[in-house]
Amino acid sequence: MPPLFKGLKQMAKPIAYVSRFSAKRPIHIILFSLIISAFAYLSVIQYYFNGWQLDSNSVFETAPNKDSNTLFQECSHYYRDSSLDGWVSITAHEASELPAPHHYYLLNLNFNSPNETDSIPELANTVFEKDNTKYILQEDLSVSKEISSTDGTKWRLRSDRKSLFDVKTLAYSLYDVFSENVTQADPFDVLIMVTAYLMMFYTIFGLFNDMRKTGSNFWLSASTVVNSASSLFLALYVTQCILGKEVSALTLFEGLPFIVVVVGFKHKIKIAQYALEKFERVGLSKRITTDEIVFESVSEEGGRLIQDHLLCIFAFIGCSMYAHQLKTLTNFCILSAFILIFELILTPTFYSAILALRLEMNVIHRSTIIKQTLEEDGVVPSTARIISKAEKKSVSSFLNLSVVVIIMKLSVILLFVFINFYNFGANWVNDAFNSLYFDKERVSLPDFITSNASENFKEQAIVSVTPLLYYKPIKSYQRIEDMVLLLLRNVSVAIRDRFVSKLVLSALVCSAVINVYLLNAARIHTSYTADQLVKTEVTKKSFTAPVQKASTPVLTNKTVISGSKVKSLSSAQSSSSGPSSSSEEDDSRDIESLDKKIRPLEELEALLSSGNTKQLKNKEVAALVIHGKLPLYALEKKLGDTTRAVAVRRKALSILAEAPVLASDRLPYKNYDYDRVFGACCENVIGYMPLPVGVIGPLVIDGTSYHIPMATTEGCLVASAMRGCKAINAGGGATTVLTKDGMTRGPVVRFPTLKRSGACKIWLDSEEGQNAIKKAFNSTSRFARLQHIQTCLAGDLLFMRFRTTTGDAMGMNMISKGVEYSLKQMVEEYGWEDMEVVSVSGNYCTDKKPAAINWIEGRGKSVVAEATIPGDVVRKVLKSDVSALVELNIAKNLVGSAMAGSVGGFNAHAANLVTAVFLALGQDPAQNVESSNCITLMKEVDGDLRISVSMPSIEVGTIGGGTVLEPQGAMLDLLGVRGPHATAPGTNARQLARIVACAVLAGELSLCAALAAGHLVQSHMTHNRKPAEPTKPNNLDATDINRLKDGSVTCIKS
């Protein structure tokens, strides 16, 4: 239902703040809610199942003499004395009250077995037997539940209530009860109830289906049901146990489906959908925590939640007041109102805590995925751990779970329901079993008793004849049942012990505390991110202060000369923001001790050998480097501080390379996260190179708008591509098609003879060889999957080209590991012992080099992008003509490139756009060589321009490499493709390839239009040239000016 008034959203703020509080402390809220709900649950169960008592007796043990008392009531009792002629039937009460000196019990036992070889046991006190029936006469009512025969067969009395596997019998009894009630009810009422239950089950099914569409797993849907069930039990407890309003089980059975259908789960579904979508949209930007996501979700949907529930609550209260003379209806309306009230309470508490927990699990899972991907892509584990702590992604989908896991989850739930059903309903289940296993009709005295009564029963006597008791041989499943029941019985007895119960309670408390601790530990990244953002903002403000206020003295008197202006080093401080590093603190220590000498080299070497390098000053560490005692590459490991290592390396190189520029700040190095660089992006780091980053867009690609970042130092490039975006959008945007996705690696091997090389090629080309190599290759990674191996021979050299999917990573390192292992398996397992691996990379890939194989076969992502530009847009925006553009494209991009013998270069300047986007997004700039392979086609269609770019070898990734750096990662966030995709690995990288192709499309369109109109040189002169500084007026007279003019003419002629 839409909001009825505008201020409704403000009403949701209180419950939104409650949901944020719950999201920050999910374990506490969940435990507290479940404990309260469990108390209400036990109270309600005790109310409805009044035979079940909350005492210390185990639910698996019966009360003393319970079976004997029940059997005595079911016996047929007969009395005789000397004054009576024959036997008189009496009741059980009379049999227990009459003072007869002798009371005998006649047990009627039947041994029934489908196996005729099973022998019937021999029993004492047998007075009569016929076929499979034995009569036992004894003076006490004791029935053996198990009897053994001479051949070892064990017989069991089937009236034992502890039968977990008699489902068929129980089903029959329930069916009989159900049939009897249905036949007595009105057909129209039955139809309504059946319809209501069908709608209720459909609503529950819709809950799971809708949750699955949002990307949720099974447990979030189940938690929604638990939330509603808790509301039901709390409402029942308040209504019946506190208010004393009785709601019968029949009323609850009839009315509950209508409540479920009317209220439904739509609000919880929308809250979960908003939260999960928000989590995916935020991606890896680290600007929002899980409790903030939950807060926004409840704020968005909370208004409608309050509105719908309050309307229903008022309706039920009004109905209860209007129909107060109908007690059953009134009580049910009160119950329904309380159900909705507790729904309003539990949704921002229990359900929000569950949702926050789910988001936290997504974050943890995302961390694991990123760490594994980075390690497989060649990033050192320490750096991978650093990145995975700050950048996390989730992968979870109910449909992607294995069938075994789903079955196990469902089995746990069904087991829980069955245990409750079995324990709490034990009494009436026992009655149902007895009605089937016992013949409860009144049993007459057998002839062998009545005929010999005068001889055997001369005095007063009572004979109680039991119903027919059935014994059956024990089967294998019953032995399993016995083991299960024995285990449960022992556990139940152990838990009742006063020491064990306290131990279990202590273990529960410890478990809850540990879970809280572990969850808080998993959420450290959230608080860490928030603290870092706050520190960054504070640092930015501090760095905006005027530079003239800096009073810190400099280390040297050297100056930085720029043009004709001279400025001291103190004014050349970097203006980049971020927290100060330990190297700056060490610099201050160096400044304070300028008059102190550096310790002797021998003493420094001793400290280095003892592992105390961190205690040295930067100048002392630099001295060790200068004297060759400490390698440049080992500074990060020895100092344990990447930023300090960069500072020391700059000091040392400024002397070793005689490069005083490194002692200045012209190449910045401060306030940069070198932890992400170490072991992943660069070695011997001395700083970072700032590049200007522009943005083009919005550019509509396949119906979605993107702003595309470009890092470049070429003027007009961003402006030109921006004009292309405007023209493409005017035609409805760009359309893309991805035709291939597979990174390649091409090893080269050698065999002793050409025949062996040829045989190996034939084997690799066969289905057997392909499958064998795929199995070996795929075992090396959870992401890389081998698609195909292409081979070729050159003499005895065999070249192989492995084509592999690599998820969202660019994947060169990932493939190299798989190729290396596959070649090893060929030598060791597949019979190619004489194969010699010449190189893991034989340039048959081909990587970072122009090659026709990449142009023909493709490498990485093969994308075709197309757009239709209306004719009037070509004229007004591009300032050109459709026919002129088509003619220019043919002459320049097709004929001109062919005349130059180009391979993959049938375009105007695809490399310009590809390189600029690669630099901005942390891609490998060297792979611009093959990624820029592109053919641009244009044609006129009904007066409009249709332009397309076909790029068969775009090599990109959204995780690993330069994407781990924060600035580049931020630009990937701008596009919404950072890190691995949550549910479909490879989707983000493929989308990035589409974006790159469309950026090239915009650039091609604009440049070709500029060339066709002759605007290229003019635009570069306008944007790339600064206006000349005005010259000072001279004092030349007219005679001198005329002389200079004549001289210039003479010079030109000569």
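Quick reminder: no glycine exception, Cβ is built from N, Cα and C everywhere.
Features as listed in Swiss-Prot:
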TRANSMEM  29-49  transmembrane segment
TOPO_DOM  50-187  topological domain 'Lumenal'
CARBOHYD  N115  N-linked glycosylation site
CARBOHYD  N181  N-linked glycosylation site
TRANSMEM  188-208  transmembrane segment
TRANSMEM  218-238  transmembrane segment
TOPO_DOM  239-246  topological domain 'Lumenal'
TRANSMEM  247-267  transmembrane segment
TRANSMEM  310-330  transmembrane segment
TOPO_DOM  331-336  topological domain 'Lumenal'
TRANSMEM  337-357  transmembrane segment
TRANSMEM  401-421  transmembrane segment
TOPO_DOM  422-498  topological domain 'Lumenal'
CARBOHYD  N452  N-linked glycosylation site
CARBOHYD  N490  N-linked glycosylation site
TRANSMEM  499-519  transmembrane segment
COMPBIAS  567-582  compositional bias 'Low complexity'
REGION    567-591  region 'Disordered'
ACT_SITE  E714  active site, charge relay system
ACT_SITE  K848  active site, charge relay system
ACT_SITE  D924  active site, charge relay system
ACT_SITE  H1020  active site, proton donor
**OP:** Report, in whole Å, the straight Cα-to-Cα distance of E714 (active site, charge relay system) from K848 (active site, charge relay system).
**Re:** 23
Subject >> Intrachain neighbours beyond the transmembrane segment (218-238), with Cβ under 8 angstroms and 6 or more residues off its ends >> reply: 33-34, 36-37, 39-41, 43-44, 47, 204, 207-208, 211-212, 247, 252, 256, 260, 265, 268-269, 272, 335-336, 338-343, 346-347, 350-351, 354-355, 358, 398, 401, 406, 409, 413
Original post:
How many whole Å apart are the CA atoms of N115 (N-linked glycosylation site) and E714 (active site, charge relay system)?
Top reply: 94
**OP:** Return the residue, from the listed glycosylation sites N115, N490, with the maximum count of other C-beta atoms within 10 angstroms of its C-beta.
**Re:** N490
**OP:** Might you list, by sequence position, any residue in that chain lying six or more from D924 (active site, charge relay system) with a Cβ less than 8 Å away from its Cβ?
**Re:** M810, F918, E955, G961, G962
Original post:
Are there residues at least 6 beyond the ends of the topological domain 'Lumenal' (239-246) whose Cβ is under 8 Å from a Cβ of it, and what are they?
Top reply: 43-44, 47, 330-331, 334-335, 338
Original post:
Looking only at residues six or more beyond either end of the topological domain 'Lumenal' (331-336), which have a C-beta under 8 A from one in the stretch?
Top reply: 235-236, 239, 243, 245-247, 251-252, 255, 259, 312, 316-317, 319-320, 323
Subject >> the topological domain 'Lumenal' (331-336): DSSP-derived helix, strand, coil residue counts >> reply: 6 helix, 0 strand, 0 coil
**OP:** Any same-chain residues 6+ apart from E714 (active site, charge relay system) with CB under 8 Å of its CB? Would you list them in sequence order, or say none?
**Re:** N912, A916
Original post:
What kind of secondary structure is E714 (active site, charge relay system) part of, going by DSSP in three states?
Top reply: coil
Subject >> Average model confidence [pLDDT] within the topological domain 'Lumenal' (239-246) >> reply: 84
**OP:** Kindly report the helix/strand/coil residue split of the topological domain 'Lumenal' (239-246) according to DSSP, in that order.
**Re:** 4 helix, 0 strand, 4 coil
